[in-house]
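Novice: Per TrEMBL, compositional bias 'Polar residues' is recorded for 222-233. Taken from TrEMBL, the feature region 'Disordered' applies to 219-249. Taken from TrEMBL, the feature transmembrane segment covers 12-28, 55-74, 81-99, 111-131, 143-164, 170-192, 274-297, 309-333, 345-363, 369-392, 399-422, 434-452.
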Amino acid sequence: MDSWKEAISHSWIYPTVIICANGFFTAMKPSDSFVTPYLTGPDKNLTIEEVTNQILPVWTYSYLALLFPVFLLTDYLRYKPVLLLQGITLIVTWLLLLFTRGVLAMQVVEFFYGLVTATEVAYYAYIYSVVSTDRYQRVTSYCRSSPLVAATVAAVLGQLLVSLADVSYFHLNTISLASVSLAFLCAFFLPMPQKSMFFHRKDASQSLPGPDIVEALAGSDRPSSCQEDTSPDSAGRGPTPQQQAGNAKPRNHMLRVLVQLSKDLRDCYSSRKLLYWSLWWALATAGFYQVVNYIQVLWDFRAPSHSSAVYNGAVEALATFLGSVTSMAVGYVKVNWDLSGELTLGIFSAMDAGSLFLMYFTGNIWACYAGYIAFKACYMLLITIATFQIAVNLSMERYALMFGFNNFVALVIQTILTIIVVDSRGLGLDIRTQFLIYGSYFAVIAGIFLIRSTYTIISIKRGNTSAAGESTGH
């Protein structure tokens, strides 16, 4: 028995299988594509205005408020306890969603779901604390693929159950509850890590976590690691035993982490090229979060679920699949991104704006579906390019940090959009007008990068002309 436990503790396969199973069952929620029809249907009997202006904004606010403290707590507790917390929170969320009614109860549901999304960092960070660095690439692909496959399968399953078997939205949520309960059980069988990124690093030579640790700290990407202080001054002084004891305290650890994060961020954003890619990332991701969060409300407005066939699951599955294909295609396209990158951002952001304007102007639900699929595919293409361009210019720990901060800024912008455009205490605009605002928002992004790309191309051509003139003069 002891030899079996020892074999498991030294194997990368066992923790990878368990964490991937946890990610699969966490994402395997066929009810996700039908949240708005469920809330506005006879089960909850809420109005579109209550869902849009009073309930859904709570998720954005709670996610932003919990994001950073949960991230630090995740590292301090070494991931597994936070994965268990995520499982408990998911179960509580779905129990409330199934058996409570009213605006206040659904706002509590959104608060708990904000905690769920904040704790996703534990899922992406865990595996790097229990496997060696030579396995990072492989386990990263497994951990990233598992929730994506589950989300696609869940969307297809949900659509088939609703369209062919006439399964109620209540029973779809029951299936989701069973799935997240299995995810909670999987977390129990995970080995407890002995180290973490910040508070439990064994020594300065410990390998740094892989890039996809950041995938959970702000929607889809979060901060990863910090470097030890290796400045000549600190090395020359050498810490006293009292200082070493003090540095072991969580408080001093946190202070050192925050100081190092601020230094690394300053270095990252000192590059103008990286600054522009990050600017697009933050602006576009904020808009993307808003669209994805409220798209079901628009669909229900165009084709009310109580009187029309609902194809949300099929559309989400197709959009996810097409987004994955466009992301994969980036790896096979040979382009001089220094010259054409910002132009590409401008053109495809304009296409995103066009898709959103289509959703605003059209009264046809199928055109609305098509607009969403095009929107998501364009965004997934561009975020992959932006990820690649930032990554190739930074070391692993730096780009993990930069991805996380970019998404944190995106969440702040999204919160501002929510307060002004959506929240009933702000403008409280109807869902159709909201999508006019989002289309205009992406049009501004497109304009910024089209103007920027024109300036870049002109500057490069002038530089080439000057270089040719100097060569001719010699």
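One-based numbering along the chain as shown.
Using N, Cα and C of the backbone, Cβ positions are placed for all residues, glycine too.
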Novice: So if I exclude everything within five residues of the ends of the transmembrane segment (170-192), which remaining residues of that chain have a CB under 8 angstroms from its CBs? That is, six or more out.
Specialist: 8-9, 14-15, 18-19, 21-26, 28-32, 34, 38, 43, 78, 80, 83-84, 86-88, 90-91, 93-95, 97-98, 126, 130, 158, 161-162
Novice: Answer with yes or no whether the transmembrane segment (434-452) touches the transmembrane segment (345-363) by the criterion of at least three Cβ pairs under 8 A, sequence separation 6 or more.
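Specialist: Contact criterion met.
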Novice: Check the transmembrane segment (274-297) against the transmembrane segment (369-392) for contact, please; criterion is three or more CB pairs under 8 Å, pairs 6 or more apart in sequence.
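Specialist: Yes; at least 3 Cβ pairs under 8 Å.
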Novice: So, do the transmembrane segment (55-74) and the transmembrane segment (111-131) meet, by the test of 3 or more Cβ pairs under 8 Å (sequence gap 6 or more)?
Specialist: yes
Novice: For the transmembrane segment (12-28) and the transmembrane segment (309-333), does the number of C-beta pairs under 8 Å, pairs 6 or more apart in sequence, reach 3 or more?
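Specialist: Contact between the transmembrane segment (309-333) and the transmembrane segment (12-28): absent, because fewer than 3 Cβ pairs are under 8 Å.
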Novice: Do any residues of this chain, six or more beyond the ends of the transmembrane segment (434-452), have a C-beta under 8 angstroms from a C-beta of it, and if so which?
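Specialist: Long-range Cβ neighbours of the transmembrane segment (434-452): 52, 276, 279-280, 283-284, 287, 290-291, 294, 298, 342-343, 345-347, 349-350, 352-354, 356-357, 359-360, 417, 421-422.
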